[in-house]
Amino acid sequence: ISFPPREGDSLLNRDIMGRVFPNLLGNLTEMPEGDDVKRSFHHRMFLEPQEKKRSMKALVVKQAKKTCSCTPARIKDYVFSFFPVLQWLPKYKLREYLLGDVMSGVIVGVLLVPQSIAYSLLAGQEPIYGLYTSFFASIIYFIFGTSRHISVGIFGVICLMVGQVVDREIQRAGYDLEPAALSVLTDTAASVNTTISAVNQTSQKLLCDKSCYAITVAATMTFIAGVYQVAMGFFQVGFVSVYLSDSLLSGFVTGASFTILTSQARYLLGLDIPRSSGIGSLIATWINIFRNIHKTNICDLITSFLCFLVLIPTKELNEHFKSRLKAPIPVELVVIVAATLASHFGELRETYGSSVAGHIPTGFLPPHPPDWSLIPNVALDAIPIAIIGFAITVSLSEMFAKKHGYTVRANQEMYAIGFCNIIPSFFHCFTTSAALAKTLVKESTGCRTQMSGMVTSLVILLVLLVIAPLFYSLQKCVLAVITIVNLRGALRKFKDLPKMWHLSRVDTVIWLVTMAASALISTEIGLLVGVCFSMLCVIFRTQRPEAPLLGWVAESETYESLSAYKNLQTKPGIMVFRFEAPLYYINKECFKSTLYKQTGVNPVWVKAAKKKAAKRMLREKEVDSGGNQTSISMDFVSEPLGFHTIVIDCCAVQFLDTAGIRTLKEVCKDYGEIDVQVLLAQCNPSVRSSLIRGEFFKEGEDHLLFHSVHQAVDFALGAQGHSGTSASKN
């Protein structure tokens, strides 16, 4: 479309048309007449960049004033945002919300009691500490959390990671020594005041028994993990969770589930073998199990088998009829009560030597600070625990918030889960996070607000004050069965692998690598391997991206991949090339090689061939060869390439670095030397700015940045037509 000047047009009218039709009227430095208008006209748009104020001093002063201003309204907003309960509790709709919250709170509390006791074994703790953890976590999240639905408490993977560190520190402290050696070590330390520092340290640690020292280690690590999480919230570094993709987290949880299952297998068989930890603990544990398989306690084995027969079908029925059931059947509690009664009246411990939960005290122990001397030992182990804890909590809270149409603040969620670890660490608790299974139960049973969490805490409080001692005769194998049955969801992910492979092969490979590393090496190293491998996958995908030639969709201004769609047209003498990745130092060579391959012309080779042909022609002249050979050489030198313009579609190039800018310069220079013009189209503002700062354009050439591929093609056709006309006139 062109607008040739007409008689009577004023400059004002043309200016108005240029403002009204910015996509149609371009920058006309000259107004040729007749057909030359169409040839010289290209639709150049004028975009005036925003002025950016880059005064660092002004920015710092503005931010300082904003941060340090202290007004009553600002204090009120800060308090209300830090304690979300003050916002929603006064607006609580008693008649509308209370019934659902009470019902879901009671049901989750009933389910949480047996799981708290079972997961305590997984964390290497006495059963009472699992109840403490669930009790305090629900109350603290009620105060600080922004999600209405998630259930915060014990989580199997976190318990496993805590238990591995606890076992390691117990071994370091000497609690797993033989009784005779332990007594000799203690007597020696008592008789010789200061002989060897290691002996003195061990004797001091032995003033606290094994279970006491185990919860001390767990509480100290919980405190450090909570500090990390609060620090992440304060410095707003929640972006770390971005590196934990869904496939990575799923693979990590599934791999950790194998480790959990392995750690509980010895309880199923009633074997008294040491718990393996460190690299390759899964394989080492199974080797120990098969070496001691002849020592299996038949009573525990039969009890485990019967519990599986009851729990698995009932759990499946709960899932199958969850839409019809108002509340899931509390089969775990029923199994625990029945197993406790059978063990107590059948005297299974005394008769068959079954391992039981033992004495569970009532009430609360006095608060005790973490052991500060243990912080150097567990500070590094707390990092992956903190990251996994807040990543699962934030992802679950955002998922259910989106489902129910409200918003959560990820930063506040990090504060909430951090305080759910810091405060309970003074009350003999271990690390907590949100848990998917209990959250799903909570949501499906009518939960409306976190008031249901308070009801759950009351149910656990009743157990702590009254019911806990009644579980003395409960067999540990029953708790192990409950733990293993709850792993069904993670282990079922193997059924989704074909679908995942169909959707994304890269995500499937990430899942498999993370799962295998978490199971076969260790949970912490498995998480690290998964993160590193997923980042490498991103790098590899940008290193060799898709880079097709494009064709024109008839009767439109759209260009699409020739390899993906049929019936696309190409403009004579023009090739359109799209690079679908950022152009930076890693893939710059891939960009050049793919461009040369797709166009079929490597300008470096063409230049070399021309020079070689020219030299041969000179030699032939010197030798005074025949004229036919000279003409052949001249024809070879001037052989046409089949195209005169390359348009590079940069719509998928998110950014350029210095290597990318230098690569584009080299490409333009090399093709220019063989009379091929290179045009850039659809560059985003960041890429445009990088090109200008990198002095990509010579003076006066910045108009060769086009806002669409169609515009660049039109310009190339017009320029070629104009040059062809000029040549014919000459």
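A Cβ is built for glycine as well, from the same backbone N, Cα and C atoms used for every other residue.
Per TrEMBL, the range carrying the annotation transmembrane segment out of 63-85, 178-200, 247-269, 638-660 is 247-269.
The stretch from 97-119, 139-162, 247-269, 374-394, 508-536 with the most CB pairs below 8 A to the transmembrane segment (212-235) is 374-394. Ranked by Cβ pairs under 8 Å to the transmembrane segment (415-437), the stretches 97-119, 139-162, 247-269, 457-487, 508-536 are led by 139-162.
Non-local neighbours of the transmembrane segment (374-394) in the same chain are 150, 152, 155, 157-158, 161-162, 165, 169, 172, 216-217, 220-221, 224-226, 228-229, 232, 238, 240-241, 244, 249, 252, 410, 413-414, 416-418, 421, 431-434, 436, 523-524, 527-528; each lies 6+ residues outside the stretch with a CB under 8 Å from one of its CB atoms. Looking at which of 97-119, 247-269, 457-487 has the most CB pairs under 8 Å to the transmembrane segment (139-162), the answer is the stretch 247-269.
When each of the listed stretches 97-119, 247-269, 508-536 is scored by C-beta pairs under 8 angstroms to the transmembrane segment (457-487), 97-119 comes out highest. Within the same chain, residues 157, 160-161, 164, 243-245, 247-248, 250-252, 254-256, 258-259, 278-283, 381, 384, 387-388, 493, 497, 500-501 sit at least 6 positions outside the transmembrane segment (508-536) and bring their C-beta atoms closer than 8 Å to a C-beta of that stretch.
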